[in-house]
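Visitor: If you look up TrEMBL, you'll see 71-218 marked as domain 'V-type proton ATPase subunit S1 luminal'. The domain 'V-type proton ATPase subunit S1/VOA1 transmembrane' annotation in TrEMBL covers 233-270. TrEMBL lists 1-53 with the feature region 'Disordered'. Taken from TrEMBL, the feature transmembrane segment applies to 234-257.
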Amino acid sequence: MSAAVSNERAVAGGARDGMASRKATPRRCPRFDESGEPQVSHGPLRSRRGALPSRTRASYTPLNVTVNGKSCILFWAKKLEIKLKDHTQLDLTGRIFGPNAKVNLKSSTCSEHKAMLVLKLGDVEDLKDFVIRLLMSNTYYESAGQNWFSLDSVHILYNKTSEVRFNATEIYAPATSSYHCQHVSSLQKYDTLLVPSTQADGATLQHVTFTDFQIQAFSIQDGQFASATDCASFFTPAILMGLIMSLILLLVLAYALHMVVHLKSIERYDEHKTVYFPKTQSSDSGEKSSL
C-alpha cells in the first residue's frame with residue numbers, strides 16, 4: 001500500500017511573534033507503514049521562534065513528511081536557486097512550494113538517527129529526472145545532555161548519471177528546535193555553509209542557494225516548527241570592524257594619557273631641582289686680590 005499523500009493548506013498569514021520553546025520530550029522512533037514508505041503532506045505554516053523577529057512569509061506552506069500521521073521532517077525556503085555547470089541558473093521555488101508545486105516526496109525516509117528529504121522534480125528544462133536530496137542525522141552529545149540534529153549534505157542528481165554534492169558545515173540545532181538561516185549557500189558572499197565535495201575543474205561554476213531557509217527533523221510536535229536556532233553570528237563583519245577600531249582608539253588614548261602624565265612628572269622634577277654653578281679659577285683669584 002503506497003504512502004498517503006495529503007495536501008493540507010492553511011490560511012496564509014505572516015509569521016507569529018516568537019513563542020516560548022517547547023519542553024524537551026523523549027523522542028520516539030518513527031514507525032513506517034506496511035509499504036515501508038513515509039506519508040507525505042504539505043503541513044500548515046506556524047512559525048514558533050522565540051528569539052527571532054517575526055517576518056512576513058509567502059502564502060505557500062512548508063513541506064511536511066509524515067510517518068503514520070506523525071511529522072518527521074519539516075522544510076521551508078523562500079527561494080531556491082541552483083546553477084549547474086554548462087546550464088543556466090534555475091529558480092525551483094515554484095516547483096517545490098505553492099499551489100502549483102509538482103514535487104514528489106514519497107522517497108523521503110526517516111529513522112531514529114537518520115533522515116533523508118528527497119525532492120523529485122521530474123524534468124526541469126533540459127535536465128531529466130531532477131532530484132534534490134537533503135541528508136540529516138540525529139546525534140546525542142553527552143556534553144550538551146541532549147540530541148542535536150544536523151544537515152550533513154545536499155545532493156543534486158540529474159540526467160540519471162550526473163550528481164553534484166555539497167557538504168554542509170555548521171548547520172545544526174538541538175533536536176527540540178528548528179534551524180533557520182537567511183542564506184544557506186555555496187557562495188562565499190553568504191559564508192559558504194555548503195561546500196562542494198570536489199575541487200575539480202568547474203566545481204566553482206556550480207552553486208546552490210536557499211533563501212530564508214528553515215528545517216527541522218526527528219523531534220517534531222503537532223506538525224509545526226519549534227523555536228528556531230538561527231545561524232546569524234554576533235560577530236558580523238561590521239561589528240568586528242567596529243570593535244577593532246574601538247581597540248585602536250583606546251590604545252591611542254592610553255598612549256596619550258601616558259605621555260601627559262610623564263610630562264607632568266618631568267615638570268615637577270624641574271621645579272624642585274637646585275642648579276649649582278662651579279666656580280672658575282679666575283673668580284677665585286679675583287676674590288683673593290680683593291682681600
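Glycine residues also receive a Cβ, built from the backbone N, Cα and C atoms like all the rest.
Caution: TrEMBL annotation is automatic and unverified by curators.
Explain the structural surroundings of these features, please.
Guide: Counting residues per DSSP class in helix, strand and coil order gives 10 helix, 87 strand, 51 coil for the domain 'V-type proton ATPase subunit S1 luminal' (71-218).
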Visitor: Restricting to the domain 'V-type proton ATPase subunit S1 luminal' (71-218), report the mean pLDDT as a whole number.
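Guide: On average, pLDDT over the domain 'V-type proton ATPase subunit S1 luminal' (71-218) sits at 89.
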